[in-house]
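According to Swiss-Prot, the active site, charge relay system annotation covers H149, D171, S253, on the basis of similarity to another entry. The disulfide bond annotation in Swiss-Prot covers C130-C150, C247-C274. The signal peptide annotation in Swiss-Prot covers 1-38.
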Amino acid sequence: MTFKRFSPLSSTSRYARLLAVASGLVAAAALATPSAVAAPEAESKATVSQLADASSAILAADVAGTAWYTEASTGKIVLTADSTVSKAELAKVSNALAGSKAKLTVKRAEGKFTPLIAGGEAITTGGSRCSLGFNVSVNGVAHALTAGHCTNISASWSIGTRTGTSFPNNDYGIIRHSNPAAADGRVYLYNGSYQDITTAGNAFVGQAVQRSGSTTGLRSGSVTGLNATVNYGSSGIVYGMIQTNVCAEPGDSGGSLFAGSTALGLTSGGSGNCRTGGTTFYQPVTEALSAYGATVL
């Protein structure tokens, strides 16, 4: 897995808003003069529909190395730009929102957004390495979920044979175990112990999470955004991602994102590293489970 501009992680954040404020000075002025002064109306925030239109405008601007999500509660779009995005490209994004009520917040991320190829443990094909996300059952048969940008590489893997893959747009894939007895429903924590996974769920902003991957082991952090769109440049665009501040590096792609015994996501990509930190994106696992009719072991 190699970091590109916003790209997936295989080998397995948005922006300034101006507020119109009626200060106490207005009230003071009203008291000091005989005539009443009407307080200015508060600026209305963007609606869900307007936010969706603004998100589509950013998508059409097609700036590689950017990722963004909307906040209906604030009327904002939060956009994260990796180190490859120039000021001119950020201006292109801003211009795309000209006339929109959506407020843009821009954050910077170190390094490139890229997919990382290099249950957390390593799976390999040819010269590429990714990480296993979660072992699952499909009609009673043991399979493994990982990142789609990993399963796109080859049909034959160290643990079995690919039976499905979806990337770009999504980032999930599934491999049928050649040795079903080896399929463990737990996630390896890289300290000699394992975490039982008993269910799958949906992440929420602020949630404390952990990620397991074959390059950097077990790492912790929190969810910073949901339903993020990530432009990985030539690798493609993915939608509906979970955004976090958990670090990851090439080879962690496809690895497990979880909270306690709940499976949450599959490592897609990001920027930075585990020395200086980073921004990462994850395919929601519930979508992958639904696509393949699978359940966690």
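Heads up, the Cβ atoms here are built off N, Cα and C, so glycines get one too.
Note that the structure is a prediction, hence the values are computed from the model and not measured.
Recorded features from Swiss-Prot, shown on the structure.
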residue	record	Cβ neighbours (10 Å)
C130	disulfide bond	38
H149	active site, charge relay system	34
C150	disulfide bond	39
D171	active site, charge relay system	40
C247	disulfide bond	23
S253	active site, charge relay system	39
C274	disulfide bond	16
Nearest-integer angstrom distance between the alpha carbons (Cα) of S253 (active site, charge relay system) and D171 (active site, charge relay system):
10
About how far apart, in whole Å, are the alpha carbons (Cα) of C247 (disulfide bond) and C130 (disulfide bond)?
16
